[in-house]
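The active site annotation in Swiss-Prot covers 30. Residues or ranges marked as active site, proton acceptor by Swiss-Prot on the basis of sequence analysis: 78. Marked as Mg(2+) binding site by Swiss-Prot: 30, 217. Annotated substrate binding site per Swiss-Prot: 31-35, 43, 47, 75-77, 79, 81, 198, 204-206, in sequence order.
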């Protein structure tokens, strides 16, 4: 894995042995709305402020050497929010992707997209696909943008795919195991989640990477997402490195 030389604003990452780092970190970026409410601002201002946190955490992940990072950007349940907020979120996400992809490319980040295209619109889907294409040869880190993503739907889609192959005679029902199911997930080349991290003090998983997080270490941090920075991310990595993982044993 290549670590690119970038201006890291003078921040030195903690020394964490590579063997003690999580390979795959999944992050629920929660608290934008509450951040705005605390300041008597419209909710969309919280989402705008969250962009800086996202960029800083991605920078910190590359800097310290985390190879896989998944960010929960927009869930399938987010469609239930107020229509004006949903429209803003989709438009803002499109703009952030277009605005930041050259920076990610410069950092050596490969951007991937997990989710379904339904209802996203052709322009946003094109931005996602273009970004995947532009960054596909990058090797510093794999960034999984989870947009219009829901873990239960991902599992349902995987099961449907397996059932179709069984009915077509391509595989036998007896051969179906965990590895086959994992290979039908949206990102089959990503390892299972080692560290599941959530901001804002909420202690729940919210339908994010349920299959992949079966044996993940869970860390819930109180800071709201717009205030979250790479130092907070590194603090979570240090906490993870001090844990003894059991993998269900």
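Even glycines carry a Cβ here, placed using N, Cα and C.
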Of all the binding-site residues given, 31, 33, which residue's CB has the most CB neighbours within 10 A?
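Top count of Cβ atoms within 10 Å goes to 31.
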What is the one among the binding-site residues 35, 79 whose Cβ has the most other Cβ atoms less than or equal to 10 Å away?
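Answer by Cβ density within 10 Å: 35.
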What residues, ordered by sequence, lie under 8 A Cβ-to-Cβ from residue 217 (Mg(2+) binding site) and sit at least six positions away in the same chain?
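Spatial neighbours, sequence-distant, of residue 217 (Mg(2+) binding site): 22, 194, 195, 196, 240, 243, 245.
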Using DSSP and three states only, what is residue 35 (substrate binding site)?
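Reduced to three states, the DSSP call for residue 35 (substrate binding site) is helix.
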Round to the nearest Å and give the CA-to-CA distance linking residue 205 (substrate binding site) with the residue listed as 'active site'.
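The Cα atom of residue 205 (substrate binding site) is 11 Å away from the Cα atom of the residue listed as 'active site'.
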Three-state secondary structure of residue 198 (substrate binding site) from DSSP?
strand
Could you give the Cα-Cα distance between residue 30 (active site) and residue 47 (substrate binding site), in whole Å?
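Their Cα atoms are separated by 10 Å.
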Please report the distance from the Cα of residue 47 (substrate binding site) to the Cα of residue 78 (active site, proton acceptor), rounded to the nearest angstrom.
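Each residue's Cα considered, residue 47 (substrate binding site) and residue 78 (active site, proton acceptor) end up 13 Å apart.
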Under 8 Å Cβ-Cβ from residue 78 (active site, proton acceptor), six or more apart in the same chain: what's there?
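Long-range Cβ contacts: 86, 89.
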